[in-house]
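Below is one structure, written out as structure tokens; the observations come after it.
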Amino acid sequence: MERTFVMIKPDGVRRGLVGEILARFERKGFRIAALKLMQISQELAERHYAEHREKPFFPGLVRFITSGPVVAMVLEGPGVVAEVRKMMGATHPKDALPGTIRGDFATTIDENVIHGSATLEDAQREIALFFRPEELL
């Protein structure tokens, strides 16, 4: 069964959006295979966003993602990677359609509520970064 990694970012947790976001995924029929509230360390943030290391926004991204707790989860279901990407909406909230998570809740490109794996390969890498095998049900 296909799995993806999803993270509700500090702005989403701070604004009390966790329940609504989880409900959207559950209504879509996805199974939660793992879930935890956590504080991301500087090292984990840098590993997670390693592909952006040389970009000018990298320090701010790491600072933001470590600024408060996040909810990390693994969702499972047919076509879950692509479907979650569609449900999240465009990265920039001004481009995100109403009815998508970012379209409904994101305020800026920097604080856009949620992260989801872009590909199956990314999902496998991100799941392994955030969860030990025994944490996956």
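Cβ coordinates come from backbone N, Cα and C, glycine included.
Remember, predicted model here, so these are calculated numbers, not experimental data.
For PHE57 (ATP binding site), other Cβ atoms within 10 Å of its Cβ number 12. Residues annotated as ATP binding site in Swiss-Prot: LYS9, PHE57, ARG85, THR91, ARG102, ASN112.
The active site, pros-phosphohistidine intermediate annotation in Swiss-Prot covers HIS115. The Cβ of HIS115 (active site, pros-phosphohistidine intermediate) lies under 8 Å from the Cβ of PHE5, VAL6, MET7, LYS9, each of these being in the same chain and 6 or more residues away along the sequence.
If you count neighbouring Cβ atoms within 10 Å for each of the binding-site residues THR91, ASN112, the highest count belongs to ASN112. Long-range neighbours of ARG102 (ATP binding site) (same chain, six or more residues apart, CB within less than 8 Å of its CB): MET88, GLY89, ALA90, THR91, PRO93, ALA96, ASN112, VAL113, ILE114. Most buried of the binding-site residues LYS9, ARG85, judged by other Cβ atoms within 10 Å, is LYS9.
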